[in-house]
Amino acid sequence: MDLALLSAAAGEHGGTPAWAMLAYLISGVLFILALRGLSSPGTSRAGNRYGMIGMTIAMVTTLVTHVPMIPGDAFNSYVGPDFMTMGEIVAAIAIGGGIGWVIAKRIAMTDMPQLVAAFHSLVGLAAVLVGWAAYLNPEAFGIVGADGAIHAVSRVELGLGIAIGAITFSGSVIAFLKLAGKMSGAPILLPARHVINLGTLAGIIALTAWFTQDQSLWVIATITVLSFLIGFLLIIPIGGADMPVVVSMLNSYSGWAAAAMGFTLSNTAMIITGALVGSSGAILSYIMCKAMNRGFLSVIAGGFGAEAAAGGGAAKEQRPWKRGSAEDAAYMLGEAEKVIIIPGYGMAVSQAQHALREMGDLLKARGVEVKYAIHPVAGRMPGHMNVLLAEANVPYDEVFELEDINSEFATADVAFIIGANDVVNPAAKTDKSSPIYGMPVFDVDKAKQVFFIKRSMGGVGYAGVDNDVFYMDQTLMLLADAKKMVEDINKGLAH
Ligand code: NAP
């Protein structure tokens, strides 16, 4: 049956055929199931599949309802702007998809955080461009009243969409540069930055209100420039241990930017998807803040409390420390009753998760109790360690979160730190001038024996500070690439 007839028979809603509304609803439900699935490692693959099916349904529906097969196709003319023909859209998808495919193939797992930040910036930029396209050609978007002016409500949507998009863009670019190490991770503190930030935000809100009365070019242009500026200003003072919150916050902003675009384009699926990403990102930011013992508002206000952090790059001390070998570690691990493994960013760098799982298996075969302790900000992105351990088939019931395992270090024979550093640094508990002060850390000092795998005594963690754990009586430093060290330990355990 002809689709036009089908939609006429089914009725229409706001220019979108009823069957398309139903398809969008189904994709919305699938996105919710995707989020539900992603909440646990065991169901995350199914969650991903739901998300992919939902996105396919949403994209096909949008294409079929919005894009004419041939220029001037009457079926599509009532649903808003006819941007391009199907051939042009398919070509654009092929080019964008091709670039994405090549990047996904080439990217190292350790570069994922900056890639995610870079992709967030593209969502923000897209929102700005859609907003400007609608402003410059409002008839095509169906947002013009009988008097020839843009509807007041559409002006609010445009102003907000462009502002959120621009903030997401410039904020994500700075996050990308910091995470990629192309810009110092340390906070950059401008004098009177809170006054400047609040003034700029107030200016954007006032101009958006003004825009409802006056649709002049200078108003929307100033909103755009100020929003690019505030995104930049909000992220540069955030450094060190607060970056994970920034990453999830920008994820949330990119969702709101997409939702705002959805309003401009009258696309229900985009509004639903954007709102889901925006709210789940906001919830994740809140959870990360709680885990980090930080106030949500103080992080998003940018660099609150960073005065202490800025001066906290403690110089390295020349103190005695003990070096261990793989043989020492294999012997002591084999003799232990309970071992707690703390993975961190270095495990991701060396891809040691498979060797580590093997080590766990060898220890369990000897009757040793093995547990994995995951800090909420270990690695460089939320869930980083969980993903790697799941990839190596580490059983989920051996993996514990900080608050569930921290009390167990007192009963552990060995705390086995592999590529983690900041998340075990006691300075977070004791040193007010440390950039990680206030963040909860693992109490590894309570374990009878500590093994600390890193490549050299010179290397520091993300926050760039020295770590007292290196110099404790019960610590043996295992200096090597993590994968190589664990493989050598495994050889010792296999004997
Ligand atoms: P970390 O503090 O960054 O320390 C990484 C450790 O791994 C260092 O001691 C490093 O020492 C070692 N290492 C690096 N490559 C290695 C290799 N190939 N083999 C062995 N060791 C290696 O890591 P973390 O304890 O996981 O802490 C995470 C930090 O990142 C926190 O400060 C957190 O705030 C921040 N952060 C987290 C996120 C997130 O979302 N999770 C996002 C951004 C920032 P060597 O160089 O001497 O080897």
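Placed from the backbone N, Cα and C atoms, the Cβ positions cover glycine too.
Annotated transmembrane segment per TrEMBL: 20-38 (among others), in sequence order.
The annotation domain 'NADP transhydrogenase beta-like' is assigned in TrEMBL to 22-491.
Taken from TrEMBL, the feature transmembrane segment applies to 50-71 (among others).
For 83-103 (among others), the entry in TrEMBL reads transmembrane segment.
According to TrEMBL, the transmembrane segment annotation covers 115-135 (among others). Beyond the transmembrane segment (115-135), the same-chain residues lying 6 or more positions past its ends with a Cβ under 8 Å from any Cβ of the stretch are 103, 107, 141, 143, 150, 154, 158, 161-162, 164-173, 175-176, 179, 215, 220, 224, 231, 247, 250-251, 253-254, 257-258, 260-261, 264-265, 381.
Under the heading transmembrane segment, TrEMBL lists 158-180 (among others).
Beyond its flanks by at least six residues, the transmembrane segment (192-211) meets 155-156, 158-160, 163, 219-220, 222-223, 226-227, 229-230, 233-234, 237, 301-303 of its own chain at Cβ-Cβ distances under 8 Å. Annotation source TrEMBL lists transmembrane segment at 192-211 (among others).
Positions annotated as transmembrane segment by TrEMBL: 217-236 (among others). Sequence-remote contacts of a segment are chain residues at least 6 beyond its ends whose Cβ falls under 8 Å from one of its Cβ atoms, and for the transmembrane segment (217-236) they are 124, 128, 131-132, 135, 158-159, 162-175, 178, 187-188, 190, 193, 196-197, 200-201, 203-204, 207-208, 210-211, 246, 300-303.
If you look up TrEMBL, you'll see 243-263 (among others) marked as transmembrane segment. Tertiary neighbourhood of the transmembrane segment (243-263): same-chain residues 113, 116-117, 120, 123-124, 126-127, 130-131, 157, 160-161, 164-165, 167-168, 171-172, 175, 178-179, 185, 235, 269-282, 284-285, 288-289, 292, 294, 296, 299-300, 376-377, 381-382, 462, selected by CB-CB distance under 8 Å and a gap of 6+ residues from either end.
As annotated by TrEMBL, transmembrane segment applies to 269-289 (among others). Counting only same-chain residues 6+ beyond the ends of the transmembrane segment (269-289), those with a CB under 8 A from a CB of the stretch are 24, 27-28, 31-32, 35, 58, 61-62, 244-245, 248-263, 295-296, 299, 376-377, 382.
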